[in-house]
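This report refers to the structure that appears directly beneath it.
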Amino acid sequence: MEAGGVADSVLSGACVLFTLGMFSTGLSDLRHMQRTRSVDSIQFLPFLTTDVNNLGWLSYGVLKGDGTLIIVNAVGAVLQTLYILAYLHYSPQKHAVLLQTAALLGVLLLGYGYFWLLVPDLEARLQQLGLFCSVFTISMYLSPLADLAKIIQTKSTQRLSFSLTIATLLSSTSWSIYGFRLRDPYITVPNLPGILTSLIRLGLFCKYPPEHDRKYHRLLQT
């Protein structure tokens, strides 16, 4: 096997490994829901938006014939669906959860209808679907920035998950390089904000380490 082929295989494996590691951080939330039989302190929307994002990239991977995209996003969609079902099972507000799920799935179905029925040209469909997935992924990576002001104000990183931050940094970096190797800007560009936001969160962990976080909360209680 040529050196380029080996490098591509290693890079593809890194994308799969790091991304599935990022998705599996939700297993701790799943165990919490099962142990407490509640959804206290667990947000539902990230599960839902990540599931829709996985389904979008899965379609892009199928259309492009990219096995790495297909494997990662198929497994990711299954995991996120599992988290959603668990949340629905333990949530006391099932009606609101179902409404949110139906609304976002409705948007997804409309998107599928547009891309697969109204855009017959395969190359145009690939470009438009790639653009849609890119914009959606960028919005997902940038949305947590709204919490940064609260974190800086309270000098507490309690809202942040260190393991998820590391997994996101590794995943985003590997996908950016993967997209660069494929000369696919729809893969490269949306993962750059993931690298940026992960570095910002790591900076916050350095500035407000867990030890400081505990001391701060003890001071608030006295």
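Just so you know, the numbers here start at 1 and follow the chain as drawn.
Glycine is no exception: its Cβ is also placed from the backbone N, Cα and C atoms.
Curation plays no part in TrEMBL annotations; they are all automatic predictions.
Annotation source TrEMBL lists transmembrane segment at 6-23 (among others). Outside the transmembrane segment (6-23) by six or more residues, the chain places 50, 67-68, 71-72, 75-76, 79-80, 164, 167-168, 170-171, 174-175, 177-178, 181 with a CB less than 8 A from a CB of the stretch.
Feature annotation from TrEMBL assigns transmembrane segment to 69-90 (among others).
Under the heading transmembrane segment, TrEMBL lists 97-117 (among others). Same-chain neighbours of the transmembrane segment (97-117): 44-45, 48-49, 52, 55-56, 59, 84, 87-88, 91, 125, 128-129, 132, counting only residues six or more beyond its ends whose CB sits under 8 Å from a CB of the stretch.
Sequence annotations record features per position, and here TrEMBL assigns transmembrane segment to 160-180 (among others).
Annotated transmembrane segment per TrEMBL: 186-206 (among others), in sequence order. Residues of the same chain lying 6 or more positions beyond the ends of the transmembrane segment (186-206) and with a Cβ under 8 Å from any Cβ of it are 60, 69, 127, 130-131, 133-135, 137-138, 141-142, 144-145, 148, 151-152, 157, 160, 162, 165-166, 168-169, 171-173, 175-176, 178-180.
Residues 15-16, 19-20, 23-24, 26, 29-30, 33-34, 37-39, 42, 44, 47-48, 50-51, 54-55, 57-58, 60-62, 97-98, 101, 187 of the same chain lie 6 or more positions beyond the ends of the transmembrane segment (69-90) yet place their CB under 8 Å from a CB of it.
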